[in-house]
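Engineer: Below you'll find the structure I mean.
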Amino acid sequence: MANAVHTEKNTPEIDALPLGRTVAKPRLETRQNAGLTEVIFEGVWATYSVGSIDQQMRLLENKLSGERLRIEMSDISYLDTAGAWMIYRLLRSAKVRGIEASIDGMRTSHKVLLEAIARAMEDIDEDDSNGTRASILNRMLSTIGLAVYGFRNDLQMGLHILGAAVRGSQMKLGHGSGLSIPAVVNQIDRTGVTAIPIILLMSTIIGAIIAQQGAFQLRYFGAEIFVVDLVGILVLREIGVLLTAIMIAGRSGSAITAEIGSMKMREEVDALTVIGLNPVGVLVFPRLVALVIALPLLTFIANLAALAGAMFVAQTYSGISPDAFITRVRDAVDLSTIYAGLIKAPFMAIIIGIIASVEGMKVGGSAESLGARVTASVVKSIFIVIVVDGAFAMFFAAIDF
Amino acid sequence: MAENDPIISVRDIHVQFGDHVVLHDLDLDVYRGEILGFVGASGTGKSVLLRSILGLNPKQNGQIVVLGRDLDRISDEERILVDMRMGVLFQHGALFSSLTVKENIQVPMREYLTLPKGLMDELAILKLELVGLSGKAANKYPSELSGGMIKRAALARALALDPDIVFLDEPTSGLDPIGAAEFDELIAKLRDTLGLTVYMVTHDLDSLFTVADRIAVLGNKKVLVAGTITEMLKSDEPWVKSYFRGKRARRIDLPEETRIACMER
């Protein structure tokens, strides 16, 4: 084994390393006489120490003049690649200026190091081609353009996923069932059943808050009983479904994006394709079906919980007994009010599922992109859910539903 | 080889997870400037030992001395100094996926040192060129690199601070034979130029035959044998025998003397 080179001691004592008080600094001495520049290197020229002398070396390189350069290396106590790189840089700039360079007092290990660096760097000498940056206007416009294209691609991919999901987890040959029941049930358990406690808690509190605030305001008009109408209609038409959808977007949408995204990162999605399965059918469809089933059910639970919260507050703050509350709810709320809320739930489920899947499929190779996509998934689905809720409200008002 | 100068010395290491004893009273010495090949059947604890030396795994008992410092007894400051002298190439590279190759190499420099930006860029390119990657790879993200390039980039990061010891966890796994041979050569070349000590966990018999100065075999919770390849071939341990003289090993061209030694047995 050819390792005779490093028998010489060229290793720093551990105590001479940084943080300690006795760091042996690299030192530099230059002498000019006639056409000869003498540079004497001393001390420790190691990665951890050369930072302090970089500036000085660069200055020296730029000012280099005369006909000859002599480098004296015998006082270097330790040299590693960073130090050797600096010496190489000096030699290179001497060469560029046509200055004849000579080195004295170089140890074998230093020579090996310098040669290795020269060999590694020979093909890329001084052709740093830094890409020029585009102008501000250009970059601004390109950002807008990219966003528009991104929106178009999202829409396209969303429709693609919707279409592929409808086809189910079909095999290439055209057989295979469209829907795997156990997968759907499992997903309902994960997105629906386990979400019940938090949905219950959140809705009860929201119902109670609305009732409390309504009661305080309506008290001025002596119409405290109408707090029941207020809570009933508001919760059943809007708040119940909206808050449930937002909660599910945050809870299950992010999970779907992260699951599909990490499968994408580890080529599991590609594996599904190669095996002959439609990845959208296998991964997205069960989740989509589960969401479409679970979200209306959760909305219904949320509605009941909110009414219960409101009933409790109505009794404590306004003395409306539960009996009176329920009687009033019967008068104020008709079936179409309940439907108006529940009918929105499946649409919101599809929106959450598709946005989560689209974002999941867009995950690239890095951990950072996974995080960015999960965030985008939650933000986008909450935003779209709210927009769609508004659209429904206008639609129902227009058709007098 | 300076036989009396162990850069890493491991004594009586005992590691267990629950009731499962992985390493028991294990001793190992790694000498300055050598390439130590570390082999063992899958699941015998090669990685556990590596991780214990690096301080990633707790050990129940024993002493690990690196660069003359007992890792259990040193101050945090000294620990940092020791860490700076060690570089690790993880099996799958473990490059930070959200940083470019250049930034990956600069992470140790940024963490430990204050270097001017220009110099850090130059050093990063230099390290890349030293491990045989073109400087053009510097601004790519790990996900845009091939498997062999990831190994090289990860080696460049391991070398960022010019360490004394480099730990390589299966450096040639997943590389084609030509790429693996190049990688072996690279490691030998770096050892010769930078004076590295290399601790290499590997299953690649070619690597062991071509670059390893010494080989240590892990089995039965301790180091079964440690020595040169010739000693390995002479060993009577059943596992060592079947490993180095099994069907796959036979195809490797052995040096003349070892072949004779082999045939005599």
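Glycine residues also receive a Cβ, built from the backbone N, Cα and C atoms like all the rest.
Bear in mind that TrEMBL entries carry predicted annotations, made automatically and left uncurated.
Keep in mind that what you see is a predicted model, and the values were worked out from it rather than measured.
The annotation domain 'STAS' is assigned in TrEMBL to A:26-112. Annotation source TrEMBL lists transmembrane segment at A:193-213, A:225-248, A:269-285, A:291-314, A:335-358, A:378-399.
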Engineer: In the same chain, which residue numbers or ranges, 6 or more beyond the ends of the transmembrane segment (A:291-314), come under 8 angstroms Cβ to Cβ?
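Structural biologist: The answer is 184, 187-188, 191-193, 195-196, 199-208, 210-212, 215, 227-228, 231-232, 235-236, 239-241, 243-245, 248, 252, 320, 322, 325-326, 329, 338, 341-342, 345-346, 348-350, 352-353.
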Engineer: With pairs fewer than 6 apart in sequence excluded, do the transmembrane segment (A:225-248) and the transmembrane segment (A:335-358) have three or more C-beta pairs that lie under 8 Å?
Structural biologist: yes
Engineer: In the domain 'STAS' (A:26-112), how many residues does DSSP assign to helix, to strand and to coil?
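Structural biologist: So the domain 'STAS' (A:26-112) is made up of 35 helix, 35 strand, 17 coil.
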Engineer: Can you tell me the mean pLDDT for the domain 'STAS' (A:26-112)?
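Structural biologist: Across the residues of the domain 'STAS' (A:26-112) the model's pLDDT averages 81 on the 0 to 100 scale.
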Engineer: Is the transmembrane segment (A:378-399) packed against any residues at least 6 beyond its ends, judged by a Cβ distance under 8 Å, and which are they?
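Structural biologist: Counting only partners 6 or more residues beyond its ends, the transmembrane segment (A:378-399) has Cβ contacts under 8 Å with 237-238, 241-242, 245-246, 249-250, 253-254, 257, 340, 344, 347-348, 351-352, 355-356, 359.
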